[in-house]
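Peer 1: Can you read through this structure? Questions will come right after.
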Amino acid sequence: MGKPMSFVVVFSLLALAPLCFSSRNGGFGSLYPQYYDHSCPHAKAIVKSIVAKAFAREARIAASILRLHFHDCFVQGCDASLLLDSSGSIRSEKNSNPNRNSARGFEVIDEIKSALEKECPQTVSCADILALAARDSTVITGGPFWEVPLGRKDSRTASLSGSNNNIPAPNNTFQTILNRFQNQGLDIVDLVALSGGHTIGNSRCTSFRQRLYNQNGNGQPDKTLPQPYAAELRNRCPRSGGDNNLFFLDFVSPTKFDNSYFKNIVGFKGLLNSDQVLLTGNDASAALVKKYADNSEVFFEQFAKSMIKMGNISPLTGSNGEIRKTCRKINS
């Protein structure tokens, strides 16, 4: 069977209800796909159009935007705190270890926000823009569609320490990665499915150099890496220098959202340690990797469900937070 270009997952409001009713500050707020249908009916179309234009300029941007949403939600919840620049008492999350020199796509979010401010001023939050743009980035690369629950507000704070401590690192052990997901209310199924986002995008040499030269601090490479693959990687990722040299996370189909990421892992050709340990670090995780490698539709369906679940991490709703006029700074 050929791989489907997209697998449409439709969720009713009823099905979404258990996920949607939450608020960081204990208030009772809800997220639902129709949130802007009356206040800004063209919001979704505007986001989709600008993502498409950005993708036409540079295919890599889809993975970058998807990553922004992930890195935002794991710090203070999905509140666009990642988008804030440093100013006043705010120390930007852009300067954290997971984001410095690698988080990108902010200009696309700015472009979307500017267009939406012209269309319907101070109506659509930056947090919702990130959630919609991440979905559209998935779809435009051939991945699944899902209805995005909306109604998040933007934070007035950022957390540099939270960004440094909450986001899984490429060289973390499996248990550390799982713990960081569980701290956000996500489980092992979400961990494996969301890791599948690495089917598109790039990683820097500095993120996996350890595997090539000094995996366990003994000056030896990761023994799970096939030698020909390791030799190929070492050509452009030397022991020192070349930190920012880019490598495809999925070398088979790097700009297509499909399940070859999981097939690579089964063949021990996951690029990052955090990719490969999904197979070697835990039996339940390994079983999921093999299941998604065998069936792209099952992976697509679960990815959509897990993205909705991740997008519901501690949203600011109701009177909490604000609708920023620009995504880089809080309203004065």
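Each residue, glycine too, has its Cβ placed from N, Cα and C.
No curator has checked TrEMBL annotations; they are predicted automatically.
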Peer 1: Identify the disulfide partner of C120 as annotated in TrEMBL; candidates are C20, C40, C205, C237.
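Peer 2: It is C40, per the disulfide annotation in TrEMBL.
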Peer 1: Which of these, C73, C126, shares a disulfide with C78 in TrEMBL?
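Peer 2: So the cysteine that TrEMBL bonds to C78 would be C73.
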Peer 1: Please name the cysteine among C20, C126 that TrEMBL pairs with C327 through a disulfide bond.
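Peer 2: TrEMBL annotates a disulfide bond between C327 and C126.
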Peer 1: Take the mean position of the Cβ atoms of T199, D250, D258, the recorded Ca(2+) 2 site. Which other residues of that chain put their Cβ within 8 Å of it?
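Peer 2: Here the nearby residues are G196, H198, I200, V252, S253, P254, K256, F257, N259, S260, Y261.
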Peer 1: Could you round the CA separation between H71 (active site, proton acceptor) and D250 (Ca(2+) 2 binding site) to a whole angstrom and send it over?
Peer 2: 20
Peer 1: Any idea what the Cα distance is from R67 (site 'Transition state stabilizer') over to D250 (Ca(2+) 2 binding site), rounded to a whole Å?
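Peer 2: Distance between the two Cα atoms comes out at 15 Å.
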Peer 1: Sorry to bug you, but what's the C-alpha spacing from P168 (substrate binding site) to D250 (Ca(2+) 2 binding site), rounded to the closest Å?
Peer 2: 19
Peer 1: Do me a favour and check the Cα-Cα span between P168 (substrate binding site) and T199 (Ca(2+) 2 binding site); whole Å is fine.
Peer 2: 17
